[in-house]
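What follows is one structure encoded as structure tokens, with my remarks underneath.
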């Protein structure tokens, strides 16, 4: 039952993050949908970690090069997701208020993704591999 509660909590926080993103696009004073390109980063960010967990073995307690590369690539994707709204706002493609809403949505969504890996990545009886 604890896994279901965690899943409901993560889905609720993901919905809040997407709400911030859509508010940054759809409010009347902003009205530009360029910030929706950060959705690509939301999809891409967990992929390196999924691949690294599938390819690496957990018998080694020392650092694993495959996982370290996955962390590096994930960090680059997350930094790019935070950088895109700033660049769009500096070029006056979006308003600074929209940039703030998108950055808030980014923080909530990426914390939700991190929470997913913390809750379901342990390898216990209820893991992300079931999904």
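The backbone N, Cα and C atoms fix where each Cβ goes, and this holds for glycine too.
TrEMBL does not curate its annotations; it predicts them automatically.
Note on the transmembrane segment (6-25): residues 31-36, 38-39, 85, 94, 97-102, 104-109, 111-112, 115-116, 119-120 of its chain, located 6 or more positions outside it, place their CB under 8 angstroms from a CB of the stretch. Residues or ranges marked as transmembrane segment by TrEMBL: 6-25 (among others).
Long-range contacts of the transmembrane segment (32-51) within its own chain (CB-CB distance under 8 A, at least 6 residues past either end) are made by residues 21, 24-26, 67, 69-71, 73-74, 77-78, 80-81, 84-85, 88, 93-95, 98-99, 102, 105-106, 109-110, 113, 116-117. Positions annotated as transmembrane segment by TrEMBL: 32-51 (among others).
Per TrEMBL, transmembrane segment is recorded for 71-89 (among others). Counting residues 6+ beyond its ends, the transmembrane segment (71-89) has Cβ neighbours under 8 Å at 24, 34-35, 37-38, 41-42, 44-46, 48-49, 95-96, 98-99, 102-103, 106, 110 in the same chain.
As annotated by TrEMBL, transmembrane segment applies to 101-121 (among others). Counting same-chain residues at least six beyond the ends of the transmembrane segment (101-121), those with a Cβ under 8 angstroms from any Cβ of the stretch are 3, 6, 9-10, 13-14, 16-21, 23-25, 27, 35, 38, 42, 45-46, 49, 53, 78, 81-82, 85-86, 94, 127-128, 131.
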